[in-house]
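Visitor: Attaching a single structure in structure tokens format; questions to follow.
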Amino acid sequence: MKKIKIKAPATVANLVCGFDILGLCLSEPYDVMEVSLLDEKKVIIHNEGNSSLPTEPHLNTAGAPLLDMLNEIDGNIGFDVRILKNIKPGSGLGSSAASAAGAVVAANHLLNNKFSKPDLVRFAMSGEKVASGVKHADNIAPVIYGGTTLIRCIFPLDIVQIPAPQLYITVVHPQIEVRTADARQILRKEVQLKDAIKQWGNIAGLVAGLMKSDYDLIGRSLEDTIIEPLRSILIPEFSKIKKQCIEAGALGGGISGSGPSIFMLSKGEATAKEVEKIMQRIYNAISLHHYTYVTSINTEGCTILSQD
Ligand SMILES: Nc1ncnc2c1ncn2[C@@H]1O[C@H](COP(=O)(O)OP(=O)(O)OP(=O)(O)O)[C@@H](O)[C@H]1O
Ligand SMILES: N[C@@H](CCO)C(=O)O
């Protein structure tokens, strides 16, 4: 095989209470990436659909992980990467991670699966370092493993797949850009013990709720007393959207990744669509351009579209 085309999906990181440790893979939106083998040790990046992204491999979140991968391979091979970007950078939907994880998954197929999934996460985290200055795997792991993932530790890597019941995810992406690097800058470095205790309870409750298909417990645990109060001020109408969506029957939700997208989880599709209408109504009322998605959990992560 010389060439492969894949879907690299969007993700929701943090899942409200699990800052940097929980993530969920979405069925939509997704980028399309085509990766071809070269007979020279180099990486070439072509951006299709978003010309503002860097083409220098070490500055592109797809390129940096592939350069790391090439450092661990003998011989004269390299990769030519075409990225058709549908997930807007700075959206909070894991745009940087889709490119980073998609690139290494595709390249690994071309190498007959030489590397393990934890190896791929390790390479792909270099992409997140390029995007936000920090290695974190909460968007990367769900793209590589699919479904819902817990990053118990990144050094050394310890990734746990969390089984989850069927859930519908409604996402609204207001057309403002929040760079993860900036959204991390505003966080406090210290956390009060009483807030940490509350957060630990919610993380454990959310994981238990997902594993037991206990929808009420999932809803009660979607609470964040540490990050959300600081970041939500960057997102227009955040509290109004959250309150009205929960009143309409959503289990709960909050900021997707570092924002500005907001996500809500619902048990049924009808509720998820009602939630979408509420999001649209609130942003239309202030004339804020936005995109919405009603989607589901993608249990496969990256999928192959074609290969030859
Ligand atoms: N292939 C790429 N795809 C997306 N962003 C890239 C890529 N290469 C470099 N970048 C840079 O990464 C930054 C976007 O990443 P950032 O983490 O801020 O947004 P995000 O991935 O949409 O958000 P989040 O991680 O909260 O979901 C931008 O500065 C962008 O130029
Ligand atoms: N956990 C990361 C996800 C965004 O990349 C954050 O919230 O900063």
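Just so you know, glycine gets a Cβ as well, placed from its N, Cα and C.
In TrEMBL, annotation is done automatically, which means it is predicted and not curated.
According to TrEMBL, the protein carries these features:
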DOMAIN    71-147  domain 'GHMP kinase N-terminal'
BINDING   LYS88, PRO89, GLY90, SER91, GLY92, LEU93, GLY94, SER95, SER96, ALA97, ALA98  ATP binding site
DOMAIN    207-283  domain 'GHMP kinase C-terminal'
Visitor: Just to confirm: which same-chain residues, 6+ apart in sequence, have a Cβ under 8 Å from the Cβ of GLY92 (ATP binding site)?
Guide: ALA13, HIS173, VAL178, ILE255, SER256, GLY257, SER258, GLY259, PRO260, SER261
Visitor: So if I take the binding-site residues (LYS88, SER96, ALA98) and measure from each Cβ to the nearest atom of ligand 1, which come out below 6 Å?
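Guide: Checked binding-site residues vs ligand 1; flagged SER96.
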Visitor: Around the Cβ of LYS88 (ATP binding site), how many other Cβ atoms lie within 10 Å? Please give the count over every shown protein chain.
Guide: 17
Visitor: What are the DSSP helix/strand/coil residue counts across the domain 'GHMP kinase C-terminal' (207-283)?
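Guide: Taking each residue of the domain 'GHMP kinase C-terminal' (207-283) in turn, the totals are 45 helix, 9 strand, 23 coil.
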Visitor: Within the domain 'GHMP kinase N-terminal' (71-147) only, compute the mean pLDDT.
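Guide: Residues in the domain 'GHMP kinase N-terminal' (71-147) carry a mean pLDDT of 96 in this prediction.
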Visitor: Highest Cβ count within 10 Å among the binding-site residues GLY90, GLY94: which residue is it?
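Guide: Top count of Cβ atoms within 10 Å goes to GLY94.
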Visitor: Around the ATP site formed by LYS88, PRO89, GLY90, SER91, GLY92, LEU93, GLY94, SER95, SER96, ALA97, ALA98, list the extra residues of the same chain whose Cβ is within 8 Å of the site's Cβ centroid.
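Guide: What remains near the Cβ centre is ALA10, ILE87, ASN139, GLY257.
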